[in-house]
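**Q** The structure that follows is given in the form of structure tokens.
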Amino acid sequence: MIEHTTIALLSGGIDSATAACIAMEAGQKVIGLSFDYGQRHLKELQAAADLAKNLNLEDHITIKIDLSSWGGSSLTDTSQAIPTQGIQKNTIPNTYVPGRNTIFVAIGLSLAEARGANRIALGINAMDYSGYPDCRPDYLKAYQELANLSSRVGREGNGIKLWAPLLDWEKTKIFEEALRLKIPIEKTWSCYQGESKPCGKCDSCRIRDKALKEIGREDLCSQNI
């Protein structure tokens with residue numbers, strides 16, 4: 001296995017971009033992996049491509065897998081409305097996409113083993129998305145066990161690490177780190193709506209804007225992009 005190569009699941013948002021840059025700063029070669037999964041907010045794919053180029057990643061691969069074929073989420077089924085009433089506590093919002101992270105990580109593991117990468121960088125964040133079942137520490141721990149059991153390198157004792165450096169970070173800390181790393185925040189995309197401009201009302205926009213205001217960077221909020 002070639003050491004110091006990371007597969008970064010790159011959505012086009014601030015979390016995945018920050019995780020990728022932390023890996024690069026640590027001396028890792030980074031291969032970006034993005035997914036066209038039938039999401040209504042396709043603009044995130046252009047953001048991912050722009051970020052991959054701007055960050056000078058080793059490679060950037062986009063995989064098409066149509067999760068909109070069966071829907072189950074407002075992100076993949078346009079007949080369902082994106083929630084705009086504000087973040088609801090203790091509930092899983094309809095923006096949760098069934099099995100999405102599980103599928104993405106599985107593909108990432110395949111790519112990592114094929115390319116000789118030793119870890120996968122995930123931008124998942126339990127602090128902001130505590131309602132999502134696949135962004136929690138127990139999910140990550142269980143998937144790591146599966147990854148070790150389901151791969152040749154894992155069985156040989158050289159398992160691919162599922163690495164989520166932002167798992168317990170507040171959103172303000174993520175943006176502060178992104179600024180330190182000189183990530184072009186204005187090139188990232190967070191909005192769930194499939195419009196040309198961020199809506200400023202969906203949960204993702206609200207979380208982003210709140211954090212940016214708290215660190216004094218209102219100039220990067222959704223209404224200014």
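The backbone N, Cα and C atoms fix where each Cβ goes, and this holds for glycine too.
Pulled these from Swiss-Prot:
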- L10, S11, G12, G13, I14, D15, S16, A17, T18, A19, A20: ATP binding site (BINDING)
- C191, C199, C202, C205: Zn(2+) binding site (BINDING)
**Q** How many neighbouring Cβ atoms, not counting its own, are there within 10 Å of the Cβ of C202 (Zn(2+) binding site)?
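**A** Cβ-Cβ neighbours of C202 (Zn(2+) binding site) within 10 Å number 23.
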**Q** Let's check the environment of A20 (ATP binding site): how many other CB atoms sit within 10 Å of its CB?
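**A** If we count other Cβ atoms within 10 Å of A20 (ATP binding site), we arrive at 27.
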**Q** Inside 8 A of the center formed by the CB atoms of L10, S11, G12, G13, I14, D15, S16, A17, T18, A19, A20, which other residues of the chain have their CB, for the recorded ATP site?
**A** A8, A48, L51, G123, T188
**Q** Sorry to bug you, but what's the C-alpha spacing from C202 (Zn(2+) binding site) to A20 (ATP binding site), rounded to the closest Å?
**A** 25
**Q** Spatially, which candidate from the binding-site residues L10, G12, I14, S16, T18 is nearest to C205 (Zn(2+) binding site), comparing Cα atoms?
**A** I14
**Q** When you tally the Cβ atoms that lie within 10 Å of each candidate's Cβ, which of the binding-site residues (L10, C205) has the highest tally?
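**A** For the binding-site residues L10, C205, the Cβ with the most other Cβ atoms within 10 Å is L10.
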**Q** Given the binding-site residues S16, T18, which one is most crowded in terms of C-beta atoms within 10 angstroms?
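**A** Answer returned by the neighbour count: T18.
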